[in-house]
Amino acid sequence: GFAPHKHEPSERARRIYLEICEQLKNREFSDMPAWEAFDLVANWNFSRSPEDTLAACDTVGAVACDRDGQLAVASSTGGAAPMLRGRVGDTPIVGSGFYAGPAGAVAATGLGEEIIRRTVAQRVYARMEAGAAAQEACEWGVSLFPDAIDIGVIAVDRGGTGRASNRKMPTWAL
């Protein structure tokens, strides 16, 4: 099948990664035989089977503003299925899956390749930097996508929070 990945590690990066794995293989992980024998399916503790979760991968993003006005963003991907092993999605790419600066903090979730193509987090941030409220900027960011492409954006600035998506997804702003 066709997978429209935008970023994959270079062959040199893969070799370095494999060399590091080989070095670590006989170190601290070698005394963990229980991990090697771990059976994910037998120990699965969710109501859906592992196979059912293939389409349920997603990102968790968090944006925050503390009492001193310091802004921050964090993001963690659940991956995307089916994708090639080693695929690099939007989550770790500054400006795509996350962005923070003096004007606010932004996190995005959805189809990573499309988020990368549109540098969503940076563009939503730029709207806030130009004076838009976090909510307005999030709604604008979602409008960059056709309805067929899932997208969700959350943001915070010193004036409040924003959240928008084009599909049913859990988004909270506190």
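Using the three backbone atoms N, Cα and C, a Cβ is placed for every residue, glycine included.
Caution: TrEMBL annotation is automatic and unverified by curators.
DSSP assigns Thr59 (active site, nucleophile) to a strand segment in the three-state reduction. Under the heading active site, nucleophile, TrEMBL lists Thr59.
The feature substrate binding site is assigned by TrEMBL to Arg87, Val88, Gly89, Asp90, Thr109, Gly110, Leu111, Gly112. Gly110 (substrate binding site) counts 25 other C-beta atoms within 10 Å of its own C-beta, drawing on all protein chains shown.
In terms of local Cβ density within 10 Å, Thr109 ranks first among the recorded positions Thr59, Thr109. With the fewest other C-beta atoms within 10 Å around its C-beta, Gly89 stands out among the binding-site residues Gly89, Gly112.
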